[in-house]
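Residues or ranges marked as domain 'AB hydrolase-1' by TrEMBL: B:48-369. Here TrEMBL flags B:Ser157 as active site, nucleophile. Marked as substrate binding site by TrEMBL: B:Arg227, B:Asp364. The active site annotation in TrEMBL covers B:Asp330, B:His363.
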Amino acid sequence: MRLDQRLIAEMIAPSTRVLDIGSGDGALIDHLFRYRGCDARGIELNMQLVTRSVAHGLPVVHGDADHDLAHYPDHAFDYVVLQRTLQAVARPREVLRQMLRIGRYAIVSFPNFGHWQLRLKLLLSGRMPMTSVWNTPWYETPNIHPCTIRDFLALCKQDGYIVEQWMAVDEEGERAPWRRSIRMANLFGEQALFLLRRRNG
Amino acid sequence: MNSTTPLAIGEQQHVRFAEGLGLDCGVTLAPVDIAYRTYGTLSEKRDNAILICHAFTGDQYVAEEHPLTGKPGWWSRMVGPGKPIDTNRFFVICSNVLGGCMGSTGPRSLRTDAEGDGAELWGTAFPPITIRDMVRAQHKLVHALGIEKLFAVIGGSMGGMQVLEWTVTYPQMMLAAMPIATSPFHSAQNIAFNEVGRQAIIADPDWRGGRYWADDVVPARGLAVARMMGHITYLSEEALTRKFGRRMRRGPVSGQGPEGPVSMFSDIFEVESYLRYQGSTFVRRFDANSYLTITRAMDWFDIAADHDGELTHAFAGTPVRFCVVSFSSDWLFPTSAARTLVRALNRAAANVSFVEIETDKGHDSFLLEEPDFDRTVRGFLCGVAEHAGLA
């Protein structure tokens, strides 16, 4: 399991109901079932990963964030998790809205487009920046909705979501030290991780 | 074997329910015999039983040589010691469906009165049955075997319909359900194909208004045509092309072609030869009136219709763990039907897994070599056992 998945697991209370959107090989839901006693389920787009997960006994359905969340009932889960995917969905705002309709809490991680290397590369070269995190050229990247940590916070404010916890994480998933200053985190954090809840939840 | 005589029930492992079974149509069918086979050993706690529901023309001989055809069991690559449905671990039950013709009560059974006397077969007087009636009969069998809760109910195609009916009718009696290559309702296209099959049988002069057995004949040509057409729907264009292409079988054809002088039918395509073979072997083991009865039961199948037209209501609060499987080249029960089911299950917040297996083999894929499918079945059952604390 990646280190940032470990951070996500620590945000989740034991014995709760969890939906992991983009569950990949199922490492997080397996961990949550085995060690936290959670009823954890997954949605995954890549059919090979779905088959592998189900073949490991994990409850995973084939589907994607843009089309399949609408079919889940209100308040069906305690937590809905979206890992490193928000920037790749067609309608990120709608996906967030669905997550907080289905779940009491949403846990969202995404690569931070405000990182200093990206800013510097764009400034100096005048070309779309390429880094270890943002490593596909503009014409074939699946990341069609990049945002910065401050952009994301602005959207949360606009849509009335309460940020319970946030942290910047480096590419390996190690928690970065920028805990007090959002501006510093937005400059130095490679990935961002948020725990949100509904205002009335 | 002459398929116009009733199958000697004594030859089949079976239970008899003298009190009979109340059917959806309002008739009480009595007595009811259910022929079945079991594999493996029932555990002391009786918690390792898996019910397998067979498809339309299948039967209870899942994992052993078929007594009529001599062929291996229809799912012997899936069920057995060390197989994905492991009989070293699970107690596997499979019964011939109500309305079938391999020992369970159906149109080819003797119609008996209260004293148990009977001179005639049921034939077309056999009451119309539904998938739910089939499931009620299985439920009686499971109960008679002393099992209060099934570990899982598994089946493909029409077997998958029975699985879904089980989850709706007896949700507390099972831990897990695996509906495979199936749909929560029979589509207009499904009904259309069934109707062509039925009309082929009825149009055969040897059908004789359904009383062919009285004259010791079978509507072999009609039944064979129905089977040939059905078989096309079980395959895919790619699979047909890969297996047969446009290859010819050079004449003379031994008695299989239509009558008449040597002409445009003296050479036939491989695919024609294959279908004729499928048709002719089917006629030897399947009863025409069973064909009519069972296809009609499938046509009526619509889970949502029994729940105010809302599929989700059927599954509200279900405790069952589902694993829905579809096959990418199946156009008879396409992935879109599976997705409809999965979405309804999601709306009901059910615990559901859903896999679409990539294959070009069509609807029949669930009976064929598909390693990803095998892994899915094995893994899902292990996961269910682990979650239930039975691992």
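All positions are counted from 1 along the displayed chain.
Cβ coordinates come from backbone N, Cα and C, glycine included.
Long-range C-beta contacts of B:His363 (active site), restricted to its own chain and to partners at least six residues apart, with a cutoff below 8 Å, comprise B:Ser157, B:Ala181, B:Thr233, B:Tyr234, B:Leu235, B:Ser236, B:Phe327, B:Asp330, B:Trp331, B:Leu332, B:Phe333. Note: B:Arg227 (substrate binding site) has non-local neighbours B:Thr57, B:Gly197, B:Gln278, B:Gly279, B:Phe282, B:Val283, B:Phe286, i.e. same-chain residues 6+ apart with C-beta under 8 A of its own C-beta. Counted within 10 Å of its Cβ, the other Cβ atoms near B:Asp330 (active site) come to 28, all protein chains included. Every protein chain shown contributes to the tally, and the Cβ of B:Asp364 (substrate binding site) ends up with 22 other Cβ atoms within 10 Å. Of all Cβ atoms in the protein chains displayed, 27 besides its own lie within 10 Å of the Cβ of B:Ser157 (active site, nucleophile).
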